[in-house]
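Asker: One structure, as C-alpha cells, below. Some questions next.
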Amino acid sequence: MIVLGVDPGSRKTGYGVIAEAEGRLSVLGCGLIRPAASGTLHERIGQLCSGLEEVIANMKPEAVALETAFVGRNVRSALILGQVRGAVLATVIKLGLPVREYAPREIKLAVTGTGAARKEQVASMLPRLLGLEEAPKPLDVTDALGIAYCDLSRGASLTGHCGMTGSGKSRSKGWAAFVDAHPELLA
C-alpha cells in the first residue's frame, strides 16, 4: 500500500509518501509544493493543484490522507484553508483516489503515543519510525509524513481510521501499548 499524506496550506503544502509492504514502511518521497508567492489566492490554489497532480503522477499512491480541518481564532485564515483543502480534495477525487481524514490528536497519538504532542515531538519521532537519518524540514513535510504514517499504522489503510474504534474511543492504552506496537524503537 502506498499512501500520500498531505498537509495543505495556501503558501506551502507539505507532502509525504510512505509505502508499506510486508509490515515494513519506507519513505518514497516528501517535500513541499510552493505556489508563487506573488500570485493571488486563486492562482496559488491552481498552482497547488497542478503540483499535487504531478506528485500523484510520479509517486502513484493508492490513497491520500489529510488532517481534518482545524478551526482557529482567525476566521479569515480558516476560510482560506477551507478553500485550499477543498481544492486538494477535488483534485484527489478527480484522479479517482480514496481520501481519508484524521484528527490532529489521532495523528499525534499514532506517531508519538500521545495525542497532546507538539509538532516538534512528531518530527523527532518520525525518523525512528521510518528509518530516516533525520527529520525532513520544514514541519509541513514532517506533518504530511505523520499523516501518511497514521493512515498506515495499525492497519488503518484497511480500516479507514487511525487508532480509533468504531465507537470513537481510542484503542491505545498509553505508552505500554505504543511500546508493544513499536519494539524496534527500544534501545
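Along the chain as shown, residues are numbered 1 onward.
Heads up, the Cβ atoms here are built off N, Cα and C, so glycines get one too.
As annotated by Swiss-Prot, active site applies to D7, E67, D140. Here Swiss-Prot flags D7, D140 as Mg(2+) 1 binding site, drawing on sequence analysis. According to Swiss-Prot, the feature Mg(2+) 2 binding site maps to E67.
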Asker: Count the other Cβ atoms sitting within 10 Å of the Cβ of E67 (active site), across every protein chain shown.
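Answerer: Total other Cβ atoms inside 10 Å, all chains included: 21.
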Asker: Please report the distance from the Cα of D140 (Mg(2+) 1 binding site) to the Cα of D7 (active site), rounded to the nearest angstrom.
Answerer: 6
Asker: Between the Cα atoms of D7 (active site) and E67 (active site), find the distance and write it as a whole number of Å.
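Answerer: The separation of the Cα atoms works out to 7 Å.
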Asker: Let me check the 10 A CB neighbour count of D7 (active site). How many other CB atoms are there?
Answerer: 23
Asker: Based on DSSP, name the secondary structure state of D7 (active site): helix, strand or coil.
Answerer: strand
Asker: For D140 (Mg(2+) 1 binding site), what is the secondary structure by DSSP, using just helix, strand and coil?
Answerer: helix
Asker: Taking the Cβ of D140 (Mg(2+) 1 binding site) as the centre, count every other Cβ atom within 10 Å, in any protein chain shown.
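Answerer: A 10 Å sphere around the Cβ of D140 (Mg(2+) 1 binding site) contains 24 other Cβ atoms.
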